[in-house]
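What TrEMBL says about this protein:
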| type | residues | note |
| --- | --- | --- |
| BINDING | His123, His128, His163, Cys164, His172, Met177, His318 | Cu cation binding site |
| DOMAIN | 380-469 | domain 'Cytochrome c' |
| SIGNAL | 1-30 | signal peptide |
Amino acid sequence: MTTLTLPRLLRASRLLVLAAAIGGPLLSVAAPAAPADAGTPRGKPIEAILTSPPHVPPPTNRNYPAKVIVNLEVVEKTMQISEGVNYTFWTFGGTVPGSFIRVRQGDTVEFHLKNHPGSKMPHNIDLHGVTGPGGGAASSFTAPGHESQFTFKALNEGIYVYHCATAPVGMHVANGMYGLILVEPPQGLPKVDKEYYVMQGDFYTTGKYREKGHQPFDMEKAIDEKPTYVLFNGAEGALTGDKAITANVGEKVRLYIGNGGPNLISSFHVIGAIFDQVRFEGGSNVQKNVQTTVIPAGGAAIATFTARVPGSYVMVDHSLFRAFNKGALAILRIDGAENKAIYSGKEVDAVYLGDRAQPNLAAVTQAAQGAAAGKLTKDEQIKAGQQLFAGTCSVCHQSDGKGMAGVFPPLAKSDFLGAGAAKAIDVVLRGLSGKVTVNGTDYNSVMPPMNQLNDDEVANILTYVFNSWGNPGHVVSKDDVKKARAAAPAAQGQAEHK
Ligand SMILES: [Cu+2]
């Protein structure tokens, strides 16, 4: 919990305002049943096992309160936020979200916060599971190369967010400074087969979504609450492909789901699964049979469900543009025998996921690097284009380019494409509507503009299209696309399409 009474907090007025916003209202809520002060710690001090996401430390398996020592190091480091896109994250423990901490109600926690000597900024920590001013923030302000120590008693059980609260707080959080601490009830949590740690966050880069290279933090977008990325576990693809989380048919799965924010509320949903139970808001009440659970910024939930039918289950923020256009998508893969009585089968992955179903977009990065170095081969363009086509265009034009009779015109051997690259670029950037005749067949439908793609991506997709399925074989360059994008739409032959 956060409060305002601390002199050190008072000194930083910006921090004060944010602290009020985060913690203020909580203070006026009537206290639930008195929390357990389980008395003095017993036994030898225990060093807490910390884990990186999506892993969760094992249960404490203790029936007495102990002194638990937590050593957490802040590390500022550059990591991939999306394929070919780097971002300088500020982390608790080297990962986003930060290390998972697990203690037992009644434990006395001796917290050591270290700030790596390579850091540029001071940091601190506010744990929502702490009862005391600033949730530890005021006692843990730590300059680079220093260490702070404070001790708290874990009075209330539950799943709690922790985060950095150094001004500007929003920026520290936006850079990835948050994680979860689980305070187990004295009797422990019911046994399950798998436990995972998933945490959402919104990110703000100066470049557009998937714009390659190193992307700095964009304060203005953050203030406007217009994220470039909304992500699970700090990177697009952190939990997809071979990094998907897994379970077997018949297993009970428990998810600890946090939301670091700093701005957005998550509508957390697993496509094709129903949560048997959710401890919503991380509190002690249990809601049953939940489809989508709201996770506030700075909040968390514990959700359990049973894996019943094998396949890929897509975890999303059901504010769907975040899922499909900002990265808020993860996969839970369930292995095991089919259960036709519950579900007939047939995977719908590709349709739902597009290029996000791919294990990775490495060819896209390679092409971007080649382009940056000025030595991009046609082959690299085609490879990158093929991967991007799989998510962007194949939904309608199909992966074999043959389209769908009466609805989506073919790209394979399309005489429209025979008219040259300029028209094709225009269609991708500005869309197409009204009557169009392809290979003697009329289509009168709408293709939305694909202008979320950057110049590089359009060039690679079209190079792939032109060099596949018997098409004429042009190479489309990034510059061609750039020029077309800059040109006035009317000059691009709109009239012809109408
Ligand atoms: Cu910080």
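Residue 1 is the first one shown; counting continues down the chain.
Any Cβ shown, glycine's included, is placed from N, Cα and C.
No curator has checked TrEMBL annotations; they are predicted automatically.
Where TrEMBL records a feature, it is marked here on the structure.
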| residue | record | DSSP (3 states) |
| --- | --- | --- |
| His123 | Cu cation binding site | strand |
| His128 | Cu cation binding site | coil |
| His163 | Cu cation binding site | strand |
| His172 | Cu cation binding site | helix |
| Met177 | Cu cation binding site | coil |
| His318 | Cu cation binding site | coil |
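Looking just at the domain 'Cytochrome c' (380-469), the mean pLDDT is 89.
Checking the binding-site residues His123, His163, His172 against ligand 1, the ones with a C-beta less than 6 Å from an atom of that molecule are His123, His172. Per DSSP, the secondary structure of the domain 'Cytochrome c' (380-469) breaks down as 43 helix, 16 strand, 31 coil. Cβ neighbour count for His163 (Cu cation binding site): 29 (other Cβ atoms within 10 Å of its Cβ, all protein chains included). Around Met177 (Cu cation binding site), taking its Cβ as the centre, 31 other Cβ atoms fall within 10 Å, counting all chains. Sequence-distant neighbours of His172 (Cu cation binding site) (same chain, 6+ apart, CB under 8 A from its CB) are Trp90, Met121, His123, His163, Cys164, Ala165, Thr166. Summarising the environment of His123 (Cu cation binding site), the number of other Cβ atoms within 10 Å of its Cβ, over all protein chains shown, is 28. Cβ neighbour count for Cys164 (Cu cation binding site): 28 (other Cβ atoms within 10 Å of its Cβ, all protein chains included). One residue stands out among the binding-site residues His128, His318 for having the most other Cβ atoms within 10 Å of its Cβ: His128.
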